[in-house]
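A.B. asks: Sharing a structure, written as structure tokens. Questions coming.
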Amino acid sequence: MKFDLTAACTLSATLLVSSGTVFATTANTANKSLTTIESHTPISYGNNSSSLWEKFNNNVALTWDAPNNELYLPVITWHNRHTYDKEKTDRYNERPWGFGYGKYRYDEDNDWHSLYAMAFMDSHNRLEPIVGYGFQKMWIPGDLEGFRMGIGFTLSVTARHDYYYVPIPLPLPLFSIEYDRLSFQGTYIPGTYNNGNVLFAWLRWQW
């Protein structure tokens, strides 16, 4: 167990550092692209892959340079009881103790962008890191001042003990209910019977 925890922490730190390097490189490249674009006629993003990739890079760069910060506190990992045998859910961990940090911004449409890193205890009570980029389309319900609701996606990379901590790409949906600086945010991980089909959620505080 001591070896597993040491290895997990080492690999988690490596994943977080390398991801930060990737984000920084992407942000730097995108900033150069933005400088070039500003000296020419503004481009319009169509449906072609190069424009989408350039738009993604620009969003990463703007988020990386944003002065705003977020903290994440994982609160629940719920295994869908309709897709699991009871003997499995009885022994699975559903309290994902952990912590995370991110940088965020709201764009001109009030949509949320974030670059984040989080580590928590998975269903088998093993350390699991995750890093990625998140986007949510935000909606303000009626005249409820301070409240926001959002739905979107995250493009992330995780690593798990049962897969020997090999980095795994993990695109997932995102949702949130927010009031002022506090949010309840989560994702649903799809899967098959006795695998996946997990609701994972956390509290998010911005400053």
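Quick reminder: no glycine exception, Cβ is built from N, Cα and C everywhere.
According to Swiss-Prot, the protein carries these features:
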| type | residues | note |
| --- | --- | --- |
| SIGNAL | 1-24 | signal peptide |
| ACT_SITE | His79 | active site |
| SITE | Lys88 | site 'Role in lipopolysaccharide recognition' |
| ACT_SITE | Asp122 | active site |
| ACT_SITE | Ser123 | active site |
| SITE | Tyr193 | site 'Role in the phospholipid gating' |
A.B. asks: Please state whether DSSP places Ser123 (active site) in a helix, a strand or coil.
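C.D. replies: Looking at the DSSP assignment, Ser123 (active site) belongs to neither helix nor strand, so coil.
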A.B. asks: Compute the C-alpha separation of Asp122 (active site) from His79 (active site), stating it in Å without decimals.
C.D. replies: 11
A.B. asks: Between His79 (active site) and Tyr193 (site 'Role in the phospholipid gating'), find the distance joining the two CA atoms and give it rounded to the nearest Å.
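C.D. replies: Given the Cα positions, His79 (active site) is 11 Å from Tyr193 (site 'Role in the phospholipid gating').
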A.B. asks: Between the Cα atoms of Ser123 (active site) and Lys88 (site 'Role in lipopolysaccharide recognition'), find the distance and write it as a whole number of Å.
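C.D. replies: Pair distance, Cα basis, whole Å: 10 Å.
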A.B. asks: For Lys88 (site 'Role in lipopolysaccharide recognition') and Tyr193 (site 'Role in the phospholipid gating'), what Cα-Cα distance in Å is obtained after rounding to a whole number?
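C.D. replies: Rounded to a whole number, the Cα-Cα distance is 11 Å.
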A.B. asks: Where does Tyr193 (site 'Role in the phospholipid gating') sit in DSSP terms: helix, strand, or coil?
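C.D. replies: Assignment for Tyr193 (site 'Role in the phospholipid gating') reads coil.
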